[in-house]
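Chemist: Supplied in structure tokens, the structure appears directly below.
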Amino acid sequence: MLTATLLFAMGNATIRHITDSLPSLEIVFLRNLLCVVLLLPWIVTRGASACRAVVTGGRLGLFASRAAVNVAAMMAWYYSLAHIPLPTATAVSFTTPLFVTLGAALFFGERLRPHRLAAIALGLTGVVIVLKPDGGGIDASFAVLVLHCVAAAATLLMTRRLTRDDSVLVVVLFLSLFSAPLAALPALAMPSHFAWVWPSWSAWGWLFLLSGALTLAQLAMTRALSMAPAPAVMPYDYARLPFSAVIAWIAFGEAMDLRGWIGAALIVAAALFTMHRDASHARRPSAVNTRSEAHQQAA
């Protein structure tokens with residue numbers, strides 16, 4: 001999981017670098033297109049039957065909806081990385097699990113327990129501290145960053161539904177297959193507002209690095225989750241913050257001030273607290289059942 005975390009941090013730093021020369025929408029399009037190219041060997045060797053199952057199983061609409069929300073999330077994230085220091089953007093992105101909690105309660109009927117409400121309040125307090133380090137108003141780029149977190153949470157909720165029937169590789173593949181043309185639609189619909197910038201050779205290199213890093217990160221995270229329960233694995237994701245801080249300081253000379261670190265600590269604490277309490281609640285029924293079985297055997 002630490003490998004995935006480092007790769008995600010490197011991918012975000014790459015996005016931060018290439019947004020200086022390419023529009024965010026174009027990066028979204030090319031990143032998804034290159035992801036499909038990288039997955040072609042798997043499609044040819046083992047993925048054809050799995051892809052046919054998706055097409056014939058009536059799930060294309062949900063895949064397309066997820067891709068549309070994902071494109072919006074990616075565009076907001078890439079825009080944010082172009083205008084907000086990398087450590088700050090990374091810290092605020094950790095509120096995504098809190099929005100997942102809210103979405104699960106609203107759309108899946110999951111119970112919103114008091115500890116979850118307390119964690120959401122604590123996390124949002126941290127966001128306010130991070131987004132207003134000088135006591136001024138919230139910049140538009142920060143509002144876009146929060147929108148990214150909401151859209152990313154919606155994507156995760158739809159992913160939860162899709163992975164009931166399809167493998168992770170199929171979900172990742174169809175996400176890119178739909179996201180690439182969806183990212184191109186705004187440019188085709190309003191060509192006067194989107195000027196295509198042909199990438200230089202160095203930009204192509206960065207784009208391949210970005211696609212490779214993020215694809216490997218997804219696979220590494222999936223492997224980690226297959227080896228251990230999510231509550232044991234996902235806390236390592238918060239290593240993205242120190243990784244991002246070091247990379248941003250070396251590559252861009254960016255640093256987060258003390259108030260930003262305090263806000264980030266509140267956000268991380270809120271997410272970890274929610275994860276810990278949910279894991280404890282999930283273990284409780286099994287422990288009760290074990291004690292009940294032992295009592296029956298003793299009787």
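Quick reminder: no glycine exception, Cβ is built from N, Cα and C everywhere.
According to TrEMBL:
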DOMAIN    1-131  domain 'EamA'
TRANSMEM  29-48  transmembrane segment
TRANSMEM  60-80  transmembrane segment
TRANSMEM  86-108  transmembrane segment
TRANSMEM  115-131  transmembrane segment
TRANSMEM  137-157  transmembrane segment
DOMAIN    144-274  domain 'EamA'
TRANSMEM  169-189  transmembrane segment
TRANSMEM  201-221  transmembrane segment
TRANSMEM  233-252  transmembrane segment
TRANSMEM  258-275  transmembrane segment
Chemist: Establish whether the number of Cβ pairs under 8 Å between the transmembrane segment (115-131) and the transmembrane segment (169-189) reaches at least three, counting only pairs separated by 6 or more residues.
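Modeler: Contact between the transmembrane segment (115-131) and the transmembrane segment (169-189): absent.
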Chemist: Mind checking which residues of the chain, 6+ beyond the ends of the transmembrane segment (60-80), have their Cβ under 8 Å from one of its Cβ atoms?
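Modeler: Counting only partners 6 or more residues beyond its ends, the transmembrane segment (60-80) has Cβ contacts under 8 Å with 15, 19, 24-25, 27-28, 31, 54, 89, 93, 141-142, 144-145, 147-148, 151-152, 154-155, 158-159, 161-162, 174-175, 177-179, 182-183.
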Chemist: As a quick check of your reading of DSSP, tell me how many residues in the domain 'EamA' (1-131) are helical, how many are strand and how many are coil.
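Modeler: Helix, strand and coil residues of the domain 'EamA' (1-131) number 112 helix, 0 strand, 19 coil.
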Chemist: Using DSSP, how many residues of the domain 'EamA' (144-274) fall into helix, strand and coil, respectively?
Modeler: 108 helix, 0 strand, 23 coil
Chemist: On the 0 to 100 pLDDT scale, where does the domain 'EamA' (1-131) sit on average?
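Modeler: Result for the domain 'EamA' (1-131): average pLDDT 83.
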Chemist: Does the transmembrane segment (169-189) make contact with the transmembrane segment (233-252) through 3 or more Cβ pairs under 8 Å, each pair 6 or more apart in sequence?
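Modeler: Counting Cβ pairs under 8 Å (6 or more apart in sequence), the transmembrane segment (169-189) does not reach the transmembrane segment (233-252), since there are fewer than 3.
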Chemist: Can you say which of 29-48, 86-108, 233-252 has the most Cβ pairs under 8 Å with the transmembrane segment (201-221)?
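Modeler: Answer, by Cβ pair count: 29-48.
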Chemist: Given a Cβ distance threshold of under 8 angstroms, which distant residues of the chain, six or more beyond its ends, lie next to the transmembrane segment (233-252)?
Modeler: 1-2, 4-6, 8-10, 12-13, 16-17, 85-87, 90-91, 94, 224-225, 227, 264, 268, 271-272, 275
